[in-house]
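Database features, via Swiss-Prot:
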- CYS56-CYS66: disulfide bond (DISULFID)
- CYS101-CYS112: disulfide bond (DISULFID)
- CYS126-CYS140: disulfide bond (DISULFID)
- ASN46: N-linked glycosylation site (CARBOHYD)
- ASN115: N-linked glycosylation site (CARBOHYD)
- ASN156: N-linked glycosylation site (CARBOHYD)
- ASN161: N-linked glycosylation site (CARBOHYD)
- ASN200: N-linked glycosylation site (CARBOHYD)
- TYR487: phosphotyrosine (MOD_RES)
- TYR595: phosphotyrosine (MOD_RES)
- 240-244: motif 'WSXWS motif' (MOTIF)
- 297-305: motif 'Box 1 motif' (MOTIF)
- 340-349: motif 'UbE motif' (MOTIF)
- 19-264: topological domain 'Extracellular' (TOPO_DOM)
- 289-638: topological domain 'Cytoplasmic' (TOPO_DOM)
- 265-288: transmembrane segment (TRANSMEM)
Amino acid sequence: MDLWQLLLTVALAGSSDAFSGSEATPATLGRASESVQRVHPGLGTNSSGKPKFTKCRSPELETFSCHWTDGVHHGLKSPGSVQLFYIRRNTQEWTQEWKECPDYVSAGENSCYFNSSYTSIWIPYCIKLTNNGGMVDQKCFSVEEIVQPDPPIGLNWTLLNVSLTGIHADIQVRWEPPPNADVQKGWIVLEYELQYKEVNETQWKMMDPVLSTSVPVYSLRLDKEYEVRVRSRQRSSEKYGEFSEVLYVTLPQMSPFTCEEDFRFPWFLIIIFGIFGLTVMLFVFIFSKQQRIKMLILPPVPVPKIKGIDPDLLKEGKLEEVNTILAIQDSYKPEFYNDDSWVEFIELDIDDPDEKTEGSDTDRLLSNSHQKSLSVLAAKDDDSGRTSCYEPDILENDFNASDGCDGNSEVAQPQRLKGEADLLCLDQKNQNNSPYHDVSPAAQQPEVVLAEEDKPRPLLTGEIESTLQAAPSQLSNPNSLANIDFYAQVSDITPAGSVVLSPGQKNKAGNSQCDAHPEVVSLCQTNFIMDNAYFCEADAKKCIAVAPHVDVESRVEPSFNQEDIYITTESLTTTAERSGTAEDAPGSEMPVPDYTSIHLVQSPQGLVLNAATLPLPDKEFLSSCGYVSTDQLNKILP
């Protein structure tokens, strides 16, 4: 009879789905399975027809029960054919035999209940089902693994507060733990999970698990009705127990008017439109200021900007035209150093006494080994603290008349006088040995050597031919050559390009004087240390005693007091006057200027000399009450 009812139910369910024209859904199949289970409960749980364990649970960790499905054999039950046996897998009881279920009734049909006497925690259990003596299913577990508490009881809620708008409210939900769980003594620790939803909704909203028996629920609408349920689990387990009964929450209406939906400000749309507007403004600004922004980010490469020059000439590589334009302008001057004659100098170093052994000055200066190239360029750049001789504003006559730059050197004065005396003697010897009266002045090619005073300058040496025909006023008398020094010293170069020569010393008595006493001057000069400001009496007496003109032997030597260490001004003045009278020979010729200035440079080896005024006479020696200084001694000594 039951089989016919089952077949009829399945036929009715299939016919209803066929007539409705819709496909079978899981809900329809579920309703059909429920109908089948109501007609025959054992058919849906175990299709194989053999008994099988469904679950084992412990509600409070003190007792547990196991359930299984009953086997069906041709639709008839076999009473007492299914049995449950268990064994505790303890080392002490491992040798024991399987024991049968202690209680088949307390937990319901097809179940076995184990009370606290048969329950042991932390000890594994193994159970098995037998049907007519044969094992059909087996399972092993421990009690703490199968804990599933009973549902909480006594659910209720309390209104906490209502929003100012009268739309939302907050409630507090409370419940009681399962009555059979010993929670207060701490035998079992439970966690609770609350779920709620609106009555018409299908999706439950879950809250986080809590250990307390109360939890607040926020933002519930006053015009809605809610369902609330709670379930629990052991803290160390993941399996929840059954849900509690559903609690319905109906919030009171606080306003007589119907609650309207909350006005939600469209922040998202405002942000989107704001970003879009800012982007548009940025693009407009960039396009409007495109050139300026380009200049700031990528500045243009500067082009050559020279006044009066076309940049196309530089691009096309026409450098000759560019140089021509630059040469025309005042601010540009081509650096043709080889043609710049006023920076050329000639130097003769006569201060080194060691060079005397190498031959005469004439041989050394006229030899080709001492000639240097005209391409050597230099310029004096000296800041020694002394008065500079390079003063373009000073006239040539001032240089000839003044002795500031070439006669005030206290250290180099004796050496310069010695060199001039040697050169004078050499000049007179050459005049006697060479036919000056027979040879025309044009055939003479003297070498003009220019020397500095104290400090070296970058100079250019070379042979310069003197064109004497351009100066007939100076060389008209051949006898005047004896009174002209062979060498000249350049002291300055005027801005016009002329060379200014320093005034030299007058010729001395004659060839006999130079031949007889060449060593006297050197002896006097070597006896004095020119670095001292004053001089010893013995040295001065020796120098004055052997002074030139030895033929005047009857003159009276100056008397010096042996007790005085220094020479007084009065004694030296007297000696200078007596020696000066002996030097003045009645047959001496009229002195002529030793040096002159260069008027024109015709060629690298030709000079045109200017006539210069006679040098001023030596300054008088001013006697004073004191000792003799270096400058005064140089005036007195020959």
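Even glycines carry a Cβ here, placed using N, Cα and C.
Values in this document were obtained by computation on a predicted structure and should not be read as measured data.
The sparsest Cβ neighbourhood within 10 Å, among the listed disulfide-bonded residues (CYS66, CYS112, CYS126), is found at CYS126.
Here the CA atom of CYS66 (disulfide bond) lies 10 Å from the CA atom of CYS101 (disulfide bond). In the shown protein chains, 13 other C-beta atoms lie within 10 A of the C-beta of ASN115 (N-linked glycosylation site). Looking only at the recorded positions CYS66, CYS112, ASN161, ASN200, the one with its C-alpha closest to CYS140 (disulfide bond) is CYS66. Sequence-distant neighbours of ASN156 (N-linked glycosylation site) (same chain, 6+ residues apart, CB-CB distance under 8 A): VAL173, ARG174, TRP175, LEU247.
DSSP assignment over the motif 'WSXWS motif' (240-244) gives 0 helix, 1 strand, 4 coil. Taking the Cα atom of each, ASN115 (N-linked glycosylation site) and CYS66 (disulfide bond) are about 12 angstrom apart. In this view, the densest Cβ surroundings among the disulfide-bonded residues CYS101, CYS140 belong to CYS101, judged by other Cβ atoms lying within 10 Å. Listed in sequence order, the residues of the same chain lying 6 or more apart from ASN161 (N-linked glycosylation site) and placing their CB within less than 8 Å of its CB are ALA169, ASP170. DSSP assigns ASN115 (N-linked glycosylation site) to coil in the three-state reduction, placing it in neither a helix nor a strand. If you take every residue in the topological domain 'Cytoplasmic' (289-638) and average the pLDDT, you get 51. Distance noted between the C-alpha atoms of ASN200 (N-linked glycosylation site) and CYS56 (disulfide bond) is 35 Å. Sparsest Cβ environment among the recorded positions CYS56, ASN200 (other Cβ atoms counted within 10 Å): ASN200. The two recorded residues, CYS66 (disulfide bond) and CYS112 (disulfide bond), show a Cα separation of 5 Å.
Taking only the Cα positions, the spacing between CYS112 (disulfide bond) and CYS126 (disulfide bond) is 13 angstrom. Cα of CYS126 (disulfide bond) to Cα of CYS56 (disulfide bond): a span of 12 Å.
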